Amino acid sequence: MKLEEYKGIYVFIEQREGIIQNVALELLGQARKLADELNDKVYAMLLGHQITDQAQSLIARGADEVIVVDAPELKEYTTEPYTQAICQIINERKPESLFIGATTLGRDLGPRVSARVGTGLTADCTKIEIGENGEMLMTRPAFGGNLMATIVCKNHRPQMGTVRPGVLFAMDADESRTGAIVNYEVKFNAAKFRVKLLETVKEDNNLIDITEARILVSGGRGIGNKEGFEAMDALANTLNAEVSASRAMVDAGYIGHDRQVGQTGKTVRPDLYFAFGISGAIQHVAGMEDSDLIIAVNKDKHAPIFQVADLGIVGDAKQIIKKLTERLEKQN
Amino acid sequence: MKIVVCIKQVPDTTEIKIDPITGTLIRDGVPSIMNPDDKSGLEMALQLKDEKGAHVTVITMGPPQADLILREAYAMGVDRAIHLTDRKFAGADTLATSHALAGALRKIDFDLLITGRQAIDGDTAQVGPQIAEHLDLPQVSYLEDLKFDGDKTFTMKRHIEDGYQMLEVEAPCVVTVLSSANTPRYMNVGGIVDAYQKEVEVWGFNEIEVDEKDLGLKGSPTSVHKAFARGLKPAGELYEVGTDEAVGIIIKKLKEKFILN
């Protein structure tokens, strides 16, 4: 492998039902910064069916070139057709690095692609920087968020990483940016398509994704039960906020997994994060510590959550939620 | 039906703490357990065995003490256990690990290969799909449920962020299972005693079918550049006051930050 033949930062643009996912824009924003530092280019790989009209928006978000693969085989994601398309692009174009959102889709696609082309993949990165020799330094949590590890892929290309949604910043759309849009033809081997998608079922689609919420009202063991969550709902309503939870509450069945904050849930970065009755295990903190303002309420004044909170209140979370809701309702 | 389940011994990361003075991991006294997603994968295999009849093999790659989780698997009801261990496997990243396991799996006949979605020490979710690729088999990751038609077709329920997908796959195939898929059974008491009478097959490099250059440190494209404890920001204000006063403090803070008018 001649490393110098490999050039360009490639970003997989995840779309679902033709809608480009935020994580793809976050990756583009970061790729733009890295490319400017390296004097390199950003390539967006847009795969799907009848999606070409969205290519221009990716240039506004930081891409120099959009590689569009528009094919009926790619209408909805299944592993094999997407793997074939990405691998063909890798083999022909020889990217220096390639980033994919660490979603249930990206974490299915990434390892399959990395194994097919025989390169390294760093899972669930929360930070990407450039090292002394221009290599990608990919930092990720390990041991349940207790430790951070920076991973490099020295002698293989592309350097691949999946990146957690909600940790990098998209750039504002700049319609004056220019770039190329290339329609790319993939030769599919349909004999290898052995998984048939029967249907995709959406649940909870009336709720905003917690990674996109401006204010989160989050509850843990100290909230106790269903009534506790109903009280949090009422508080969230007065603040136009969303409700989220620690893992314990998800495991207890009070709230869905899509609302879980933390290492095995989602990473969130709202303007305001309320932690009610959450002790602040490192696994939870890993998913919310970058929130702009953290207000924690807990009975135990030694709870670790107070180490990351900007404002800590030692007290009964349930009573404080009730009183705070009353005061805010009056104010509205 | 023949099922193989890949399992891994991991430190119980919920028990790991950071030494506040040195900033290093405290691993002393942290128990080793069967990885939760893998255990649910094993339970899924055992349920298929209960319902339709199946031969279940477990395989783990790891140091000698990983024998313990194979005994646990015997006590839960598996039929065969293989311990893959060799110095040549040491220092492997996910790709090299998947090559070693794939090398062993080439020596075993199966209709369904089950792995956990991810291990709690690394949280990468990569080894399952990478094995599937080396063996040229279809994969379904993030599996919540599976039905077998008794012949060769599986109907699978795959978790996605905002719902689920139903998929159809023919055997042989690879799935990665979520710990939310089921509640694993306990070891049965007679089984625990018997588990120590049963044979665990120990396999090394010579027993498997793999290119040596793909193994261990040499076969690992990624390496750790540095590892460090996550830095904590300085603690903020802490108040121990009555409910009314506490609510007043919170509202004042929200106004200060322009969240409330």
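Using N, Cα and C of the backbone, Cβ positions are placed for all residues, glycine too.
Under the heading domain 'Electron transfer flavoprotein alpha/beta-subunit N-terminal', TrEMBL lists A:9-197.
Other Cβ atoms within 10 Å of the Cβ of A:ILE278 (FAD binding site) number 31 in total over all chains. Taken from TrEMBL, the feature FAD binding site covers A:ARG221, A:246-247, A:260-264, A:277-284, A:ASN298.
As a whole-number mean, the pLDDT of the domain 'Electron transfer flavoprotein alpha/beta-subunit N-terminal' (A:9-197) in this prediction is 96. The candidate set comprises the binding-site residues A:ARG221, A:HIS284. Of these, A:HIS284 has the most other Cβ atoms within 10 Å. Contacts of A:GLN263 (FAD binding site) defined by a Cβ separation under 8 A and a same-chain sequence distance of 6+ are given as A:PRO141, A:GLY144, A:GLY145, A:ILE282, A:GLN283, A:HIS284, A:ALA286, A:GLY287, in order along the sequence. In the three-state DSSP classification, A:GLN260 (FAD binding site) falls within a strand. Summarising the environment of A:GLN260 (FAD binding site), the number of other Cβ atoms within 10 Å of its Cβ, over all protein chains shown, is 23. The subset of binding-site residues A:GLN260, A:GLN263, A:ILE278 lying near chain B, with Cβ atoms under 8 Å apart, consists of A:GLN263. Counting only same-chain residues six or more apart in sequence, the Cβ atoms lying under 8 angstroms from the Cβ of A:ALA281 (FAD binding site) belong to A:SER246, A:GLY262, A:PRO304.
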